[in-house]
Amino acid sequence: MELALQVQDLTVRYGGFTALDHIRLELEQHTTLGLVGESGSGKSTLARVIAGLIAPDEGQILLGSEELRKKRSKEQHKQIQMIFQNPDASLNPRHTVRQILAEALLFHRIVDRSQVGRRSTELLDRVQLEARSLDKYPHEFSGGQRQRIAIARALSVEPSLLIADEPTSALDVSVQRSVLELFHTLRTELHLTMLFISHDLGVIHAVSDTVAVMRQGKLVEVNTKDEFFIRPKHEYSRELLSAVPKMPR
Amino acid sequence: MNTTTHLDPSLPESGKTLSTLRQIGKTPSLLIGIIMFAILILLALFIPYLSPYQPSEQNLSAFLQPPSSAHWLGTDQLGRDLFTRLLYAARTDLTIMILAEIIPFCTGVMLGMISGYYGKWTDRIISLITDTFIAFPFYLIVIIVAFASGAGERGIYITFILVGWIVFARVVRGLSASFRKQEWIASAQTLGLPGIRIILRHLLPNVLPQAVVVLMTDMIGLLVAIVTLGYLGIGIAPPTPDWGTMISDGQPFITTAWWLSAVPGFAVVYTGIALSLLGDGLADIWRKK
């Protein structure tokens with residue numbers, strides 16, 4: 001299998017605090033890596049470094065065979081898109097959905113100006129939103145709908161890697177489920193390569209092929225999903241799994 | 001066209017203007033502010049057609065007259081019609097007030113966004129300049145500039161270009177710095193949009209409402225400054241009508257013809273109230289959004 005992403009010895013320090021400590025990670029094409037860990041373990045920092053929002057202090061990121069440096073090209077920016085945790089803050093409050101999608105489509109020349117409307121409708125359809133949502137502002141939508149718009153925006157530029165940073169954590173359980181189902185559909189239909197971050201093992205189980213566990217800035221285990229949930233290698237992984245509340249049978 | 005489409009709030013243009021008008025109607029302070037300011041502007045615009053007198057037309061046989069049907073607000077010591085002069089002065093003062101704000105508003109908002117968005121050394125340099133200018137009292141700078149460039153409008157424009165941007169820069173910087181941490185900015189960065197585009201297309205529409213509210217308040221301060229300078233004799237030079245010189249001209253007659261100074265003073269207060277109602281109303285509307 002070809003590798004979509006390789007992270008080598010990635011280190012990020014904030015003053016004396018080491019947020020990421022020599023992270024090594026590989027992500028195969030068309031697979032989803034679920035990244036788990038408690039708050040403050042460095043999951044989001046890792047996502048932001050890969051997305052190019054934070055510059056690492058040490059280490060390398062390879063997208064395919066290309067090294068991503070601190071200054072990325074427009075094309076490299078396009079290749080990695082991210083969906084954020086907070087649906088209230090991830091869309092510009094003063095842009096309509098049409099403006100949000102059109103900006104991405106036109107900036108990366110995905111389609112001609114004349115095709116923007118049609119493509120935007122298609123994108124909304126992909127994330128199961130109606131075309132009449134196009135001229136609405138973010139505040140007119142629910143959290144789950146806003147997250148769908150964010151997904152549509154990320155998909156609009158046809159990235160080779162999609163990072164989802166706790167995309168369902170801020171949503172109600174029922175909404176969470178429908179957004180997860182959407183991720184599942186997109187994954188199978190579009191053969192996406194995804195880095196999916198969550199502290200919720202149930203969510204990780206639903207979306208991942210591979211699971212990676214982070215703790216205090218270090219990667220403690222990388223395993224296939226089935227192996228991880230049946231026979232976790234690391235002591236901390238076992239702790240995480242045993243901490244999941246079980247429904248009474 | 002189908003009439004029901006007009007009622008759909010998701011439709012742009014027609015529906016949008018309608019809801020904006022409805023919002024203005026629901027915000028009394030904004031409505032009163034708009035009406036008060038509009039009355040003033042309309043009177044100032046149409047005064048040549050409303051009054052048979054010229055602003056500097058002297059009539060020494062009819063000086064210091066109390067209000068009458070011929071002279072609604074009476075005449076001054078040179079027999080000039082006070083009502084006419086008052087509104088010609090409104091033209092002078094309001095024009096300067098608005099023109100002098102344009103450049104400072106644009107530079108202040110721009111510098112504030114740059115400072116708040118980029119942070120780090122960019123922010124440090126801009127903040128250093130801001131703090132330096134704040135250290136000098138406004139009137140000190142105005143008086144120095146007035147002496148250097150000669151009294152009159154020019155001094156006001158120059159001074160305001162020098163220091164007027166600071167208030168906008170400070171407010172917008174704070175806003176931009178807080179927006180910068182929001183995820184919609186991060187999404188724009190992930191798309192690879194250049195900084196300047198993020199600033200103009202993403203930050204600007206978000207900081208503009210607050211900046212406009214500050215603009216309204218700042219205009220009141222500027223108007224008071226223009227009038228004060230006129231009063232001190234280093235502002236608008238006579239015979240151009242201006243509220244400040246009118247107040248100072250009327251001062252010797254304050255016991256006998258108090259309205260000579262009181263009326264232009266009231267005009268300043270009136271304009272101030274109109275602008276602050278406007279500002280408050282706009283803030284109310286934007287806060288709800």
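Note that the numbers count up from 1, one per residue, in the order the chain is shown.
Cβ atoms here come from the backbone N, Cα and C positions, even for glycine.
In TrEMBL this protein carries:
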type	residues	note
DOMAIN	B:90-279	domain 'ABC transmembrane type-1'
TRANSMEM	B:30-50	transmembrane segment
TRANSMEM	B:94-118	transmembrane segment
TRANSMEM	B:125-148	transmembrane segment
TRANSMEM	B:154-172	transmembrane segment
TRANSMEM	B:211-237	transmembrane segment
TRANSMEM	B:257-279	transmembrane segment
Next item on the list: Tell me, please, if the transmembrane segment (B:211-237) and the transmembrane segment (B:30-50) are in contact, taking contact as 3+ Cβ pairs under 8 Å between residues separated by 6 or more positions?
Entry: no
Here the stretch out of B:30-50, B:94-118, B:125-148 with the most C-beta pairs under 8 Å to the transmembrane segment (B:154-172) is B:94-118
Tertiary contacts of the transmembrane segment (B:94-118), defined by C-beta under 8 angstroms and 6+ residue spacing from its ends, are 40-41, 44, 126-127, 153, 156-157, 160-161, 163-180, 195, 198-199, 203-204, 207-208, 211, 215, 218-219, 222-223, 226, 236, 271
